[in-house]
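Database features (TrEMBL):
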type	residues	note
BINDING	Arg18, Lys19, Ser107, Ala108, Arg109, Gln170	substrate binding site
BINDING	Ser76, Ser107, Asn135, Lys202, Thr232, Gly281, Val282, Arg283, Ala302, Gly303	FMN binding site
BINDING	Glu171	Mg(2+) binding site
DOMAIN	188-345	domain 'FMN-dependent dehydrogenase'
REGION	1-20	region 'Disordered'
Amino acid sequence: MVAINGERSHPNGATSSRKADHLRINLEEDVAAKGVSTGFDAYRFMHCALPDIDLDEVSTATEVLGWQLASPLFISCMTGGTEQAARINMVLAETAAELGIALGLGSARVLLERPEALPSFAVREIAPTVPLLANLGAVQLNLGVSSGDCARLVDMLGADALVLHLNALQEALQPEGDTCFAGLLGRIETVAASLAVPVIVKEVGWGISADLVTGLLDAGVAAVDVAGAGGTSWSEVERHRLGGPAAGTAAAFAGWGIPTAVALTQARTAAPDGVIFASGGVRSGLDVAVASALGADLVGVAGPFLRAAAFGTQACVNLGREWFDVLRIAMFCTGSRDLPSLRSSARLVREDGGPVPGADGVTLVASLIETISDLRGTQVTRTAARG
Ligand SMILES: Cc1cc2nc3c(=O)[nH]c(=O)nc-3n(C[C@H](O)[C@H](O)[C@H](O)COP(=O)(O)O)c2cc1C
């Protein structure tokens with residue numbers, strides 16, 4: 001098992017200390033969202049008893065942003081900046097290289113403060129051909145980080161894209177948080193226009209609503225990861241980290257956020273041709289299949305890969321391979337030869353018989369009404385169930 005526990009703080013900086021705490025808490029505590037689920041369970045595939053294809057013909061390969069990938073699955077942005085993070089990133093990079101999938105690195109903000117932390121992110125040589133995603137909190141653009149700094153970070157990491165994360169709630173819960181979000185969209189637009197690599201925007205587990213997805217795509221962002229609720233909850237992580245009255249404030253948000261499947265369907269309906277990723281609470285190969293069928297171009301996973309990484313590369317690769325197989329077999333049993341056929345398949349149905357977002361206007365309007373009432377229903381009924 002990779003040694004990751006025991007480092008509670010780092011002598012060289014507050015950001016590293018927070019990152020070490022985040023790793024430890026994610027590995028040792030229950031950080032799952034409570035009172036909200038991803039919404040993937042609302043869907044199931046109508047089994048095809050007689051697929052008109054051979055299993056061997058099924059391909060999970062995809063091309064996104066010019067990248068050739070073996071599967072829509074990718075490892076979402078997590079860590080960097082500490083010794084433990086370096087070991088985790090090495091395992092994740094070996095996994096991504098072995099599986100042929102994209103890999104997100106954790107926030108590179110620490111590199112702006114302590115360039116000597118670079119080795120904890122430096123995985124390019126381990127995974128020379130996979131798309132490598134650099135990451136930074138978008139709010140840093142309001143705190144003096146320039147387009148030039150972003151370009152420098154991308155360059156230092158040998159990254160293929162820059163992911164800017166939106167984490168307003170997390171920052172609001174942190175006593176030391178950066179909460180000056182006003183005017184950020186314009187700055188994101190400036191960075192997107194100036195970088196030589198694609199800029200992707202993601203949340204961290206509370207979802208991005210359809211109006212913002214279209215706003216971000218209109219601003220020149222290459223892809224949006226809706227990163228919805230139902231998986232790792234950063235208010236729960238902060239609850240464990242903070243203690244005292246601040247922990248009570250954080251606890252109030254355990255069920256906050258737009259369920260991932262709801263955020264995804266709304267985003268896909270609002271931006272039929274946009275590049276949209278889904279992540280947040282993806283916990284099985286079937287979740288990957290449902291998200292792909294609902295229109296996700298890529299499907300990201302963080303927490304499960306972190307927990308597997310603690311057991312080393314083989315455990316991580318095994319997790320990925322199992323999910324690949326589940327996706328492939330689900331495609332076979334819906335008669336879907338490739339991901340575009342899965343996406344256009346009529347075999348994805350809602351458990352409650354409601355509409356699955358489709359191309360025609362009636363379905364589109366109905367699905368919007370449905371997803372809005374879903375959102376309300378999920379929050380209200382689950383809160384009631386807890387009480
Ligand atoms: C240990 C850990 C560290 C993370 N650090 C970052 C980060 O630096 N930047 C970021 O955009 N997201 C970060 N995330 C959030 C994930 O990318 C993802 O959005 C979130 O965990 C929800 O996905 P999950 O339910 O599969 O874990 C982190 C997640 C974990 C588990």
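Placement of Cβ uses the backbone N, Cα and C atoms for every residue, glycine included.
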Candidates near ligand 1 among the binding-site residues Lys19, Arg109, Thr232, judged by a Cβ under 6 angstroms: Thr232
Confidence summary (mean pLDDT) of the domain 'FMN-dependent dehydrogenase' (188-345): 98
Where Thr232 (FMN binding site) sits in the secondary structure, as DSSP reduces it to three classes: strand
Which of Ser76, Gln170, the listed binding-site residues, has fewest other Cβ atoms within 10 Å: Gln170
Separation of alpha carbons, Ser107 (substrate binding site) and Ala302 (FMN binding site) (Å): 14
Asn135 (FMN binding site) and Arg109 (substrate binding site), Cα-Cα, nearest whole angstrom: 8
Candidate binding-site residues Ser76, Asn135, Glu171, Thr232, Val282, pick with smallest Cα gap to Arg18 (substrate binding site): Glu171
